[in-house]
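What follows is a single structure, written as structure tokens, with notes after it.
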């Protein structure tokens, strides 16, 4: 992007980036976790940089990750908690039930029934109850 840049003065490089509207910032991260469908990549003491250009933020993580299967380690409690979010008999998310109940001013059982009747569509459930 900057034509080699191998011998470029870091101060000059920073000045050029500022002129182009690119802002970089180091983030003091203790741990970075990237969760994929199959595993977690855990970076301890990773170097993290935030680069903001044209209103878009990009995070760069540098370090050696430790790979662990989902469901092991610290993240497993959060992952198991997510599975309890939906009611096993209806498949309706509890957060959705609470939101519909609050918006429509009804109890959670009524909100759950409305969500089930509307295939989980929040707007239709609220409209039906109002």
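Backbone N, Cα and C atoms are what each Cβ position is placed from, and that goes for glycine too.
Going by Swiss-Prot, these are the annotated features:
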type	residues	note
DOMAIN	7-74	domain 'NAC-A/B'
REGION	54-130	region 'Disordered'
COMPBIAS	81-98	compositional bias 'Acidic residues'
COMPBIAS	105-115	compositional bias 'Basic and acidic residues'
COMPBIAS	116-130	compositional bias 'Acidic residues'
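If you average pLDDT over the domain 'NAC-A/B' (7-74) in this model, you get 87.
Per DSSP, the compositional bias 'Acidic residues' (116-130) is made up of 10 helix, 0 strand, 5 coil.
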